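Only one structure is covered here, and it is reproduced in the block below.
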Amino acid sequence: MIEIAFLLGLIIFSSLSKKENILYLIVFLLPFHTFIKSCFVYYEGGGNIFTVWKELVIIILCFKVYTNYHIKFSKNLSILLQIFLGVILVFYFFSNNHSDSLATLRDHLFPIILFVALSCCPLDVRVAKKTALIFAVSVIINCIMGFVQNFFLNIPISMLMGRIDFIDDSGYVQYKTTSARILGFERMSGIMGGPNTFGVFCSFTFVFFLGIFLNTKKFLFSFWERNLVLITAILSMVCLLFSFSRAGWVIAFLGALISLRLGAIKIHLRYLVVVGALTALSGFFLLEYFPQVGEVLYNSVTGKEASAADRSNNFNNALEINLTEPFGHGLGTTDHRYKSYEFFAESAFMNIAYEIGLLGLLLLILLHFAIFRKMYDYKGAEFRPFAKIAISVTLPTLLVCFVSINPYGMPYIYLWWLLLGLGINHFNHLSPMLKKRKRKVLKLV
């Protein structure tokens, strides 16, 4: 009953709210999706009703955008989107079990609908700023819960999240998945599905807020707001380290390099020396008090850690199968939760290729590069704050999708497409007050 009331409350709020308030709701609630669902499963035996909240809210947002505004969308990008969605629908209807493949259809369809709605939705700098700050609050809460879970309340939170299989007489915790530990060390999972899910989420938020920090002038942040952004990035980085997510580490490292390359600030030698010294001190502290971080990193690079050593073999086998059978097998055939499951690889892109064919995967990658090009169509735009951040997140994510499934899990996939939509949105509608403030900021530079 509480689950239904909660869902109805979200629907009513979205129906009565402005488009920007729906955006705030989505960015705040997405990181808590798995936790809230687990609470309903644990206390009420439900959870399935709540899970549709994001799809219903996205439909409401899309309806508000398309019924209240005259929308102009890039013709070339529109054609690619329509072809890709057509391919998805074709492979859905050709799947062996439509009910099993419905979840996969949803995971492809609704993030793209969210992307289209946000890319066309008229927004201003005030909304961009508030979106970033609300997301920062959500991320900080999740990071704090990560520390609480890992160092204080691991068993109660893991029981609530459904990650524990049993606890033996000696107190040893046996998890349902082997990924809960790495080389015998407990991994930080927070209130998400697992350490890998939490890790890639933290990598996303680290790159996101690092990009915002490097472009704070575009967001017109105050001193305290800039500090909040910086604290969020630091917390995300620390939680990422304790998640031991190698995929997350790659996204964070490459995303940081791209962010620094695209950043709006000039990086002086003195600045690099200070940052390098702080990084070295932080690394020394971690290795001194948490030596498992260095041990996991070393064994992952050298291939001594089992899952890292097997990753290349897993990818090569999946690639060989897809090259042998390149025309797809239908949606849901790589989802081991359902009866129609036939194949699975630790690679989001190899799984997608198995379901919709190699041409379908190629079309998806081309779609992402078309979005990159669209981000640079607004060369004369007065304000485009999220484009560089979207590029910094997406390029490493596309690479990681070849060796990890986690970027296509919740909440990463929705946050990724949400950011892409904001990335090509033309934020050039400033209120008079913000225009005046922007002129003052520019005079000080």
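Just so it is clear, glycine is given a Cβ too, placed from its N, Cα and C backbone atoms.
Annotations in TrEMBL come from automatic prediction, not curation.
Residues or ranges marked as transmembrane segment by TrEMBL: 21-43, 49-67, 79-96, 108-125, 132-152, 197-215, 227-243, 249-264, 271-290, 352-373, 385-405, 411-430. Annotated domain 'O-antigen ligase-related' per TrEMBL: 232-365, in sequence order.
Remote same-chain residues near the transmembrane segment (352-373) are listed as 76-77, 80-81, 83-84, 87-88, 91, 104, 318, 321-323, 325-334, 342-343, 345, 391, 394, 398, 408, 420, 423-424 (criterion: CB distance under 8 Å, separation of at least six residues from the stretch ends). Counted over residue pairs separated by six or more positions, the transmembrane segment (49-67) shares at least 3 Cβ pairs under 8 angstroms with the transmembrane segment (108-125), which defines the two as touching. Same-chain residues lying 6+ beyond the ends of the transmembrane segment (79-96) with a Cβ under 8 Å from its Cβ atoms: 102, 104-105, 108-109, 112, 116, 328, 330-333, 340, 355-357, 359-360, 363-364, 366-367, 370. Contact between the transmembrane segment (411-430) and the transmembrane segment (21-43) is supported by 3 or more Cβ pairs under 8 Å, counting only residues 6 or more apart in sequence.
Of the ranges 21-43, 132-152, 227-243, 385-405, the one with the most Cβ pairs under 8 Å to the transmembrane segment (197-215) is 227-243.
Among the stretches 21-43, 132-152, 227-243, 385-405, the one making the largest number of Cβ pairs under 8 Å with the transmembrane segment (108-125) is 21-43. Note: the stretches the transmembrane segment (227-243) and the transmembrane segment (132-152) are in contact (3+ CB pairs below 8 A, sequence gap of 6 or more).
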